[in-house]
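Structure first, commentary second.
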Amino acid sequence: LGQVQLKLGDFRSALTNFEKVLEIYPDNCETLKALGHIYVQLGQIEKAQELLRKAAKIDPRDAQAFIDLGELLISSDTGAALDAFKTARTLLKKAGEEVPIEVLNNIGVIHFEKGEFESAHQSFKDALGDGIWLTLLDSKTKTYVIDASASMLQFKDMQLFHRFENDGNHVELPWNKVTVLFNLARLLEQIHDTVAASVLYRLILFKYQDYVDAYLRLAAIAKARNNLQLSIELVNEALKVNGKYPNALSMLGDLELKNDDWVKAKETFRAASDATDGKDSYATLSLGNWNYFAALRNEKRAPKLEATHLEKAKELYTRVIVQHTSNLYAANGAGVVLAEKGQFDVSKDLFTQVQEAASGSVFVQMPDVWINLAHVYFAQGNFALAMKMYQNCLRKFYYNTDAQILLYLARTHYEAEQWQDCKKSLLRAIHLAPSNYTLRFDAGVAMQKFSASTLQKTRRTADEVWHDNTVLRVAELENAVRVFSHLSAASNLHLHGFDEKKINTHVEYCKHLLDAAKIHREAAEREEQQNRQRQEAARQAALAEEARRKAEEQKKYLLEKRKLEDEQKRLRQQEEHFQRVKEQWRSSTPASKRRERSENDDDEVGHSEKRRRKGGKRRKKDKSSRSHYETEYAEADMMDYREEPEDEDASMNYREPIGQMNDQDDDVEENANDRLAAAGLEDSDVDDEMAPSITAARRRRALSESDDDEPFERQLRDNTDELQDSDGELRENDHKSNGGAALDDD
């Protein structure tokens with residue numbers, strides 16, 4: 001009963017019956033899906049989504065439940081809808097069933113809306129399968145595409161497909177694939193493959209001549225190529241199929257407005273609005289645009305009429321917003337009207353909201369809102385933000401190739417007194433539109449203003465007086481004269497709408513500035529010469545200071561070097577003297593004497609070691625002990641210079657010369673020690689510590705001599721005993737005189 005009532009359109013009764021079934025069988029998927037469809041028809045979308053989600057959760061292998069859920073979510077949550085459609089496709093493939101064309105088409109549409117064109121293209125191709133469209137788009141049939149591009153100006157030409165049939169190919173297009181083929185053509189158009197898109201549109205028209213949307217898309221391609229006449233003809237072909245088709249009427253009115261046919265455009269927009277009883281938002285919006293442009297055209301002629309048109313445009317925009325609160329174009333139009341009335345803050349908020357909303361959709365490309373927002377910043381004097389907005393719009397939507405936006409940018413630079421940037425923007429615009437004489441005139445004005453801004457000043461800054469800047473400004477002034485002279489010559493041919501007298505006025509003014517610029521140039525040259533002189537003087541002073549510094553450093557270096565050489569020479573002389581004394585001693589002393597003296601040295605070392613042990617760790621020496629130690633060494637050294645006595649008397653008489661030679665050796669040693677001390681080589685403690693090692697070395701040398709010297713050694717030992725007796729007396733005296741020191745050492 002519920003299904004019958006649903007079929008008859010009695011949704012309330014059907015809802016009651018299905019709810020009764022659901023009370024008995026709460027997990028019945030068919031009942032849940034039926035209730036979901038009923039709630040959709042009643043406008044209760046959230047309730048329908050809840051029921052369909054529950055059905056898909058109860059039976060996750062029910063592909064139809066996911067398809068219904070995806071169709072319900074496609075208008076509100078495209079991401080969830082895409083997941084539902086993909087799940088349904090996977091379930092159908094696993095079950096070995098054919099995936100419906102509608103499901104694949106919906107997947108492709110969602111990918112297209114998200115800007116994922118490759119995925120969308122693959123989905124559309126899967127939905128279409130094999131057919132004539134693959135042959136037309138295949139690279140192997142490139143000649144057909146070339147023929148199609150050759151007839152781009154005649155989009156109504158169907159000879160391409162007739163030739164294709166004559167070649168033995170069968171042109172067939174099932175009706176259930178027309179929508180998918182249209183979407184594929186729309187995708188190709190979006191990625192700027194208009195040749196292939198036009199072929200597919202014409203294929204649809206070849207098989208189904210009443211498919212109006214194909215005519216409108218061909219008209220849109222012709223409009224994008226700035227072929228307004230062909231676009232109007234294609235729209236009229238669509239109107240022949242359906243004379244009250246709102247989209248065709250609105251597009252025709254827009255084309256007539258661009259073609260400057262205001263009366264026909266207004267009538268066409270009214271016809272489009274009447275065709276839908278005022279419910280067509282695009283027709284209403286187009287009428288609002290018509291009133292706005294009419295207000296701008298009558299700005300200077302009738303101020304009252306301007307206010308009337310603006311008020312009417314605001315009314316129409318507001319009507320569209322009331323019908324469709326998310327209509328961005330109506331909000332943009334309302335912001336424009338408010339900006340024209342001077343309400344910049346309100347209009348800026350509107351433009352900002354529209355810009356944020358438009359940036360989230362691939363279908364909505366609204367460069368106008370960027371331009372309008374930049375206009376508001378310009379009107380408020382915020383030139384930096386206005387420049388940034390113009391530049392972003394130019395780069396984002398026009399790939400830096402729109403002369404009109406470059407003109408807006410140049411105007412902003414001009415008002416900000418950035419005349420060089422203004423000139424650069426105008427030169428770029430002239431490059432894009434070389435036949436636009438307005439841009440040339442504006443460039444001449446910018447160059448004139450740049451030069452006059454400095455040359456007319458009585459007081460100028462240092463940068464402005466600089467020679468290069470003055471020359472640059474004079475050169476810009478000469479360029480301005482050339483531009484105005486060129487425009488003056490072209491005015492005789494009526495190539496532009498400028499007044500010849502006005503142009504001549506600019507020429508005379510620039511020439512007057514050139515005459516006055518001579519004074520500035522001379523002043524700049526004098527200033528430049530003075531600057532050069534100052535710089536040269538500063539450079540010479542710096543060079544002199546650098547030379548003086550280097551000379552002082554060289555002098556200091558030479559003094560240090562000479563001092564080091566003298567020190568090295570003195571040390572070398574001391575070393576040489578020491579070596580000479582050493583060699584003399586070695587050459588004049590016999591081996592027997594050196595051996596006997598070594599034995600005496602060993603005895604002396606023994607006595608000195610005993611004295612060190614008595615002194616403990618403190619090795620402090622007094623003068624008497626040091627003199628005694630030196631006396632012993634002097635006596636031992638003296639034996640090197642005396643000859644061997646022949647008898648005992650000679651040995652006894654040897655004592656007196658010993659004292660004399662000891663004095664001489666002491667003097668030599670003191671001189672040597674003084675020299676070593678000057679060289680930093682003297683150390684009394686080190687001498688004491690090195691004495692045993694020296695004595696041992698002498699002992700080894702003595703032992704290495706021949707044993708033939710033994711008789712002489714006995715005689716020398718007798719003399720040594722006598723010397724030791726005298727030394728004993730001296731030691732007693734030393735101990736007596738230095739007893740306090742010995743106690744201190746203990």
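Note: Cβ is positioned from N, Cα and C throughout, glycine not excepted.
Keep in mind that TrEMBL annotations are predicted by a computer and have not been checked by a curator.
Within the listed segments 524-548, 549-573, TrEMBL records region 'Disordered' for the stretch 524-548. Taken residue by residue, the repeat 'TPR' (1-28) breaks down under DSSP into 21 helix, 0 strand, 7 coil.
Confidence for the repeat 'TPR' (1-28), expressed as mean pLDDT, is 75.
DSSP places the residues of the repeat 'TPR' (29-62) in helix, strand and coil in these numbers: 27 helix, 0 strand, 7 coil.
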